[in-house]
There are 2 protein chains.
Amino acid sequence: MRILITNDDGINSIGLHELIKEIEKENEVIVVAPSEQRSACGHSVTLHRPIVIKEVKIDGIKSKAFSVDGTPADCVKIAIDKISSYKFDKIISGINLGYNLGTDVIYSGTVSAAIEGAIYKIPSIAVSLGYDENIELNFSEDKYRLAAEYTNKILKQSSNDRLNDVVLNINVPPIEKNEIKGIKVCELGNRIYQNCYIESPTKEGEIGYKLQGTPKDIDDENTDVYNIKRGYVTITPLHYDLTNFKIIKEVSKWFI
Amino acid sequence: MRILITNDDGINSIGLHELIKEIEKENEVIVVAPSEQRSACGHSVTLHRPIVIKEVKIDGIKSKAFSVDGTPADCVKIAIDKISSYKFDKIISGINLGYNLGTDVIYSGTVSAAIEGAIYKIPSIAVSLGYDENIELNFSEDKYRLAAEYTNKILKQSSNDRLNDVVLNINVPPIEKNEIKGIKVCELGNRIYQNCYIESPTKEGEIGYKLQGTPKDIDDENTDVYNIKRGYVTITPLHYDLTNFKIIKEVSKWFI
């Protein structure tokens, strides 16, 4: 297969490199990733300034790679409309450091890149690896490698052409291989944040406020937030139709 | 009612001011809007730097107003978690200059602010006014005033507490009052973009590429893209659950 790989942590992130190493073994890979960290950028696209594209060489990787000073969604658009002259069979976005579970997917650059792929009718995968704040941030490459292996496995099992506008959102718990209980296909759960803004000076010495949120999960079975805690790799199929069909009839009655 | 008003075109935009003028007549309004233009920022939130909040005075407006150097979703979070000590009954985001129809809602800062409101279980409204590129960009305040009046009407008719996590996405065509055929509650349509990247130098003199997209609408009846062209004010109820329930069973079978 011909596969586009992108992410939101940027072209230099270990998660991206481990993913490429695994996927380029058996596929033709093109890498188009943001030049810097772009977490929580949602489905942002760059309209008001030109975007710079640079071909780069990543150590230990044979695939062609491009760095783009834009968002993950920009990377997908540019890869399809500018860099590549023929179609990708799949798009994979990741491996993100930190889960993208439940309501959080809406803020996620990693997931938005995959959704952008689906808008182009290319089946796409987003993959994120959880981290425990007690462990060192830049933890061992083993965990990324395990997440990459799961991604490759899911990629092979999901090669179903009829579902061309589907995003599979994968989350992998940061545990040992033999502790993983298996794969669960499930719904997005509910993560509600207890947010607060902490006073914090800006670079210019002004008073600013920085967001600190603590997630509170609602533990419904069949959800990703439930199953990830129980040692499963979770897969949630996503779509991008935001129409609320459940209430469209009721809302219609208000305006008759 | 106690209403939070925000937007993505920034605190100085005419659309915002006309909306406030209309809504503050009969409601308590607090304005928290981005300090500058934030179009196409999607559901981006600012995590990596402090955000500066400034109280501002807007000419001709009596409501309290705050400018925030963040995204529309940041504005909603800050309004709820930092600025206001008690709850908003409704959130209104707009009036955006330019439609937010069909697949485009996913990129929209205007719509994302309203979705952020729904995540906090506050019923929210996003409102956008179309513009014809042949007409001057900063067209007459009449058109905004008409869009504001429609928003107020819809606000009153939708005061239904049971639907607390719903977003109503309103689009108003830029035509005369007597040409508007009425209100249609409908689904999001399909806008597919023919994108291309045009070579364009950056400020630093590097070669960059700027996105130019031409929308191609698929004209299904019952959709916003269909009805807006026929002179209706369209309302699409939105949700934020991206789980693709239609295919979850099929995807489950792949991993048994």
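Glycine is treated like the rest: Cβ placed from N, Cα and C.
Feature annotation from TrEMBL assigns domain 'Survival protein SurE-like phosphatase/nucleotidase' to A:3-194. The divalent metal cation binding site annotation in TrEMBL covers A:D8, A:D9, A:S39, A:N96.
Known features from TrEMBL, placed on the structure.
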residue	record	Cβ neighbours (10 Å)
A:D8	divalent metal cation binding site	32
A:D9	divalent metal cation binding site	23
A:S39	divalent metal cation binding site	21
A:N96	divalent metal cation binding site	29
Those binding-site residues in A:D8, A:D9, A:S39, A:N96 passing the chain B Cβ proximity test, under 8 Å, are A:S39
Surrounding the recorded divalent metal cation site, with Cβ no more than 8 Å from the Cβ centroid of A:D8, A:D9, A:S39, A:N96 and those residues left out, we find A:N7, A:G10, A:S13, A:G15, A:Q37, A:R38, A:P72, A:L97, A:G98, A:S108, A:G109, A:T110
Across the domain 'Survival protein SurE-like phosphatase/nucleotidase' (A:3-194) the predicted model averages a pLDDT of 91
